[in-house]
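Accompanying notes for the structure given below.
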Amino acid sequence: MRDGKRALGMLFLGILLLLGNRGRAESATYHEVQAGENLWVISRRYGVALKTLLELNGLSEQSILQPGMKILIEGERDAQSGSLLYEVKQGDTPWGIAREFQIPVRLLLEANNLTEKSILRVGQKLVIPLSGDGRLKASERTGTQGTTQPQVHTVRQGDSLWRISRQYGVDIRSLMKANGLTETSILQVGMRLVIPKETGRTAVASSSSATSWGTYTVKEGDTLWNISRRFGIPLKELLQANGLRETSVLQIGQVLRVPSRGGVPAAPQRAQQGFIWPVNGRISSRFGPRGRGFHYGIDIIAPVGTVVRAAESGVVSYSGWMSGYGRVVIITHASGLQTVYAHNSVNLVREGQRVNKGDPIARVGSTGNATCPHLHFEMRRNGRPVDPLEFLRR
Ligand SMILES: [Zn+2]
């Protein structure tokens, strides 16, 4: 899994590891947690043992990852004197940085002679003290979900109610209700939102309700056209809803009114319940032990270019390249189930996109470790692989 190291565009490269007393700088590899990921997935993706990941990051198998968290993949860290040098990025706040590295904001401020009111400059270097008791215990971590405590989300730069509701798979209205918010409420970075517990009812599942509106906070690189596409509404409608013109200039942090359920008319519900076959074809390899290893999915033989369809409605939580998997799409569904579609010749969906059951999401190929064109299809329940044939109708 050595190529895992080069295969990743999301590595957090702005960090140099300073080995305190030795004064030696080394690069360390970080992975920024994406929605729907867990430690198991990350360990497989980088080919790093789960145990190593846990040790490197002071986590336990029960630790719950929050999107945006930075996970150390490799690079030594001196537990006693180690500290990291972090380069401030657009939109960073001391609070947000402290949260990302899971240290008390007080320690961060002290280590850099800052106050809570200090303004950070992009490019400014901050010392991140990670020594000894600096790191919070799992139970003290922001947003960490205890077994009985309600889940809390701390608002980050770029968050919107719509995005948070999608991230946790909760209905946007329940989210607003739980926090006394309305559709026009503006979120502040650092605000804590209670994530209401919902079983079996998700933002995705509620897609048959009437169009409701949410908000979207403009991020770097956004354009009106991209946003309209992402939310599935005509540009004209987006402009109208926000009193904008095509030539209007977007500001980072600007809050736009967007449909909270994608805006597109809901696809007619297919009569078939449950997961459908992503492609039709012969199964060449089943789930289970294979050779000296274990095959975590099923392989379905199909010609290059065959359309791969979403086995169930959900949100695309990953669309890109993964070591071994080649071009891969991961869709997160209600109740913790995920489907994985690997070795694609082309991916047709983007991260964050909502898809309906049966929608085309990719085309069959043989990218990654594949000897012939086929779809490698996995299903995971709460991050653990399960046999897809238990879910697919024969
Ligand atoms: Zn396979």
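Cβ coordinates are placed from backbone N, Cα and C, and glycine is handled just like the others.
The domain 'LysM' annotation in TrEMBL covers 29-73 (among others).
The annotation domain 'LysM' is assigned in TrEMBL to 84-128 (among others).
Mean model confidence for the domain 'LysM' (151-195) is a pLDDT of 76. Taken from TrEMBL, the feature domain 'LysM' applies to 151-195 (among others).
Annotation source TrEMBL lists domain 'LysM' at 214-258 (among others).
Each residue of the domain 'LysM' (214-258) gets a DSSP state, and the totals for helix, strand and coil are 15 helix, 8 strand, 22 coil. The domain 'LysM' (84-128): residue composition by secondary structure is 14 helix, 8 strand, 23 coil, according to DSSP.
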